[in-house]
Amino acid sequence: MPQQVCVLGSTGSIGTNTLDVMARHPDRYRVFALSAMSRVDELLAQCLAHQPRYAVLPDAALAARLRDGLRAAGVRTEVLEGPEALSQVAAHEDVDAVMAAIVGAAGLAPAMAAARAGKRLLLANKEAIVLGGALFMRAVEQGGATLLPIDSEHSAIFQCLPEDRDTWHQRIDHIVLTASGGPFRQRDPATLADVTPEQACAHPNWVMGRKISVDSATMMNKALEVIEARWLFNLRPEQVKVVIHPQSIVHSMVVCRDHSVLAQLGTPDMRVPIAYGLSFPERIESGASMLNLLTTPNLSFEEADAHRFPGLHLSWQALRAAEGSTAVLNAANEEAVAAFLERRLRFDQICRVNRETLETVAPEAGEVDSVEGLLTLDARARRHAQDLISSRSATV
Ligand code: NAD
Ligand code: MG
């Protein structure tokens, strides 16, 4: 029987890559549900191609447009509306696997629902684990879910480790996440104030959604990945290290207790981690091109410069602060990136908003024990960041 897969955030970069891999294996995977935020025409085209049982949109007006299109095409997909519907389809008893590919904190609730329902959970949505932290990992354990990292670095680490998670702790000395350095690796840091959203979104090695592209340019993406790795692999903050590797061929490394170093290599193509998430512990064809070492540019590694990338170090700062501080950092960053994309904040001010918010908004007792508490903390941090953004000339 093919596995029934929910693809949450199906119109995004990870979502479309997931559908691409699944379409290569119609005998193994069926699309159970799709979801989008606003792009109804793209979601309609996906429904026509994959004929899912459900499609989810945020409100009634968008849902009505999709229903009209489906009716005209004679497709029987049922359209659900509102954020709760995402959790409903993610936890549906007929679902085997959930691809969590919504961007931002909005993806936490459906990812938690999939975790609690014991699904195979393919986690691309790093903000969900940065926000959810220990609570998220407890939901995975208590629900009996299989958590599979989709972020390429974390998939690399996962691929370097044995299937038996109980042995991970014993064998890992530390891990090294590689970072491309983004589009401004060699740009004079003094000129970063002038960066436009278009320049920030032009990543040298990967084509991705706008939010993660800006995060890659500020290195906040790597900061979020440090926090993500801490939770996925149950590491101490100092066991997660970062090195710049501009070619994005070595996707990350595990340094073992005996100092043997295990690395995973490949062309930069998200279909590899997606295919592994879908097929683990087996391997399936992904559509990615083969790595040719003879034509690959020389692999190089550089230290991550704290002056050039001040945002990176906020990850360790947040991990060492009170539990919940990583949620504060994530919320500030989501607000700062949105403001930058709307040209309300300068590129070089993103990190300052993040640091200020992290150092000012303190998690309160009990806030980290429930999704509701975390979302209250998230909202508080967002308000603080918004105040900083609107009064940036005075305070930032
Ligand atoms: P994207 O912007 O291309 O797509 C985001 C998807 O989420 C879209 O389908 C959108 O409709 C949906 N969405 C956005 N806001 C929503 C909301 N409030 N409620 C419901 N749905 C919403 O983003 P992406 O690049 O595909 O990234 C998705 C996630 O995967 C992010 O967390 C990102 O950090 C992570 N990730 C992406 C890549 C990549 O190569 N693109 C790599 C690693 C990790
Ligand atoms: Mg990554």
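Cβ atoms are placed via backbone N, Cα and C, with glycine included.
As written in TrEMBL, here are the features:
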DOMAIN    5-133  domain '1-deoxy-D-xylulose 5-phosphate reductoisomerase N-terminal'
BINDING   Thr11, Gly12, Ser13, Ile14, Asn125, Glu127, Gly209  NADPH binding site
BINDING   Lys126, Ser152, Glu153, Ser180, His203, Ser216, Asn221, Lys222, Glu225  1-deoxy-D-xylulose 5-phosphate binding site
DOMAIN    147-233  domain '1-deoxy-D-xylulose 5-phosphate reductoisomerase C-terminal'
BINDING   Asp151, Glu153, Glu225  Mn(2+) binding site
DOMAIN    265-383  domain 'DXP reductoisomerase C-terminal'
Cβ under 6 Å from ligand 2: which of the binding-site residues Asn125, Lys126, Glu127, Gly209 qualify? none
Where ligand 1 binds, which of the binding-site residues Glu153, His203, Asn221, Glu225 are close by, with Cβ under 6 Å? none
Alpha-carbon distance [Ile14 (NADPH binding site); Glu153 (1-deoxy-D-xylulose 5-phosphate binding site)] in Å: 15
Report, as a single number, how many Cβ atoms besides its own are within 10 Å of the Cβ of Gly12 (NADPH binding site). 26
Which value does the mean pLDDT take for the domain '1-deoxy-D-xylulose 5-phosphate reductoisomerase C-terminal' (147-233) in this predicted structure? 95
Row Gly209 (NADPH binding site), column other C-beta within 10 angstroms, all chains, value 17
Taking the Cβ of Ser13 (NADPH binding site) as the centre, how many other Cβ atoms fall within a 10 Å radius? 19
Span of the 1-deoxy-D-xylulose 5-phosphate site, taken as the largest CA to CA distance across Lys126, Ser152, Glu153, Ser180, His203, Ser216, Asn221, Lys222, Glu225 (Å, rounded to a whole number): 19
Environment of Asp151, Glu153, Glu225, the listed Mn(2+) site - residues of the same chain whose CB lies within 8 A of the CB centroid: Lys126, Pro149, Ser152, His154, Ser155, Leu177, Asn221, Lys222, Glu228, Ala229, Ser252
Give me the non-local Cβ neighbours of Asn221 (1-deoxy-D-xylulose 5-phosphate binding site): same chain, 6+ apart in sequence, Cβ-Cβ under 8 Å, ordered along the sequence. Ala179, Gly182, Ile212, Asp215
